[in-house]
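**Q** I have a structure I would like to understand better, so I am pasting it below and will then ask my questions one at a time.
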């Protein structure tokens, strides 16, 4: 229990510098545990005080030093050190580089087919001499958007370097740099030589690089609550260790020698797979468990000791979503070990593990993504065993065969992989019929209350008090229902694609004025994009933030494609209740009208001189203009015939 108390104190001390409310929550939980257990003697009390002060000072130091030392410049000669892989899509190249020891975002517009081929197939790291601009990482465009600026600041990145010209590329010969870029070289080899439509899974599951996966594939895992399968963590390292044990025990290697081999392999694999927060958690936990097992340290203590080490090393891990999910879900499962072990059979055990994992993830996912993926309770029961027992080991073994002989891989592995992935994809499609619940943005106070209730639910489940646990679930439901009725009244101007779109929220009703067109990918040469960005992601993000399943009204003031083209997509996906068009463009939107009849959606024509009301907001159409007005804002939109 002392490691849990120290972890709460450490987290509370770190967050004193960033978030006072959550910091106080950690300290209150520490005091409650201490009061209940009464396990602090003089020595342990001194240790607690030292830990609190040490982590508070460490957090304050990190806050003070986590700043940029680069100035914004234009057309400046710079030297960039690149040790991470570049992402290339069409003629756009992006990645992370380093200037004078500071990490920066990089983007560059490729000039030719030869240059693209070089960076895509032959460049795995080095030093670039460039002429470039340095500027701040831009703030998020829309109020509902993911805060990419804050995300980068929490990993020590404050500047964006836009390269205008590359004058020289140098390969660095140091042994350390070669080791750092070995991962990139192996990943590029897969991209170049492994001709297989699911090759992105090899980079994701072996090297921790999800950049090669299709966006639809990533979204499928996200919408099923199985994203952890793509993030190298305890599951993947556990499978790797099991394979090592299986092979070496067959070769009559002693357990002591196997553990020594594992202590060498795990750190190397952590480096090879990108040292993400989940990898560090799983790797250090296993290493500490093996090293201190003689001193009877259990899995929970090794987890909490790992938490303390990583948090002291980098206090900003506290804001890493992967770090939060990895530690809290693992902590919840270990605290529920007796509850899980008393299961009647394997299926019952899987159900209990899935319930605990889903409950533990709810506050974190709700705070960051505004949704609850309740289907994950069932999807994890079915998909996790298939993934961990069949798919992931098959990918590992196939990769080894690929390194030995590509023809053998094509003959033996590719058909088996195709069959396995087809089955897995079909199973995903079944679960994808159930959509995540769009809850909407919640205040930090509501999230804390939900977190406390979730902890209560898990405690009662461990005590087999199912009625009390069900009461907790009902409490969360009631809280979220109440928050959905909190008055919200505002008008926002959004940038979606290249167009300005207006969004109106009036309590439970909402309206969007005009849409956008999707990004065009009309090039046929090296500039043609391999991966298109679907504008639907913007509308999904907006609805998630708002906690709405659809738009009550879509008002179109133009028939031009750049302002109305995506109306058909929104309508086809069932994301609009009523279509409203001004009469001057009605005759140009006959196709849209036909779709509304097919979808049985209301189609309303707003005639000249007519006003429609959305609670306290009025929309008035007159003289080729649409005037929108409420008590907070007033503006006009020109009507395009």
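Using the three backbone atoms N, Cα and C, a Cβ is placed for every residue, glycine included.
Unlike curated entries, TrEMBL annotations are predicted automatically.
TrEMBL feature annotations, pasted as is:
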TRANSMEM  6-33  transmembrane segment
TRANSMEM  45-61  transmembrane segment
DOMAIN    205-461  domain 'ComEC/Rec2-related protein'
TRANSMEM  229-249  transmembrane segment
TRANSMEM  261-292  transmembrane segment
TRANSMEM  304-334  transmembrane segment
TRANSMEM  355-375  transmembrane segment
TRANSMEM  381-404  transmembrane segment
TRANSMEM  440-459  transmembrane segment
TRANSMEM  466-486  transmembrane segment
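Relative to the rest of the structure, where do these features sit?
**A** Outside the transmembrane segment (6-33) by six or more residues, the chain places 47-48, 51-56, 58-60, 62-63, 304, 307-308, 311-312, 315, 318-319, 444-445, 448 with a CB less than 8 A from a CB of the stretch.
In the predicted model, the domain 'ComEC/Rec2-related protein' (205-461) shows an average pLDDT of 89.
Tertiary neighbourhood of the transmembrane segment (229-249): same-chain residues 204-205, 208, 210, 213, 218, 221, 257-258, 261-262, 265-266, 269, 273-274, 276, 278-279, 281-283, 285-286, 322, 326, 330, 383-384, 387-388, 392-393, 396, selected by CB-CB distance under 8 Å and a gap of 6+ residues from either end.
Residues 3-4, 6-7, 10-11, 14-15, 17-18, 51, 54-55, 58-59, 62, 66, 154-156, 228, 231, 233-234, 276-278, 280-282, 284-285, 288, 297, 340, 353, 356-357, 359-361, 364-365, 368, 458 of the same chain lie 6+ residues outside the transmembrane segment (304-334) yet bring a C-beta within less than 8 angstroms of a C-beta in it.
With a threshold of 8 Å between CB atoms, the same-chain residues lying at least 6 positions outside the transmembrane segment (355-375) that come near it are 222-225, 321, 324-325, 328-329, 331-333, 336, 339-340, 431, 434, 436-442, 444, 447, 450-451, 454, 457-458, 461, 476, 544-545, 547.
Panel annotation: around the transmembrane segment (381-404), residues 190, 193-194, 201-202, 205-206, 224, 226, 229, 235-236, 238-240, 243, 347, 350-351, 354, 412-413, 416-417, 420-421, 423-424, 427-428, 431 of the same chain, lying at least six beyond its termini, place a Cβ under 8 Å from a Cβ of the stretch.
Under 8 Å from some Cβ of the transmembrane segment (440-459) lie the Cβ atoms of residues 19, 21-22, 25, 144, 332, 335-336, 356, 359-360, 362-363, 366-367, 370, 468-469, 472-473, 475-476, 479-480, 483-484, 544-548, all in the same chain and six or more residues away from its ends.
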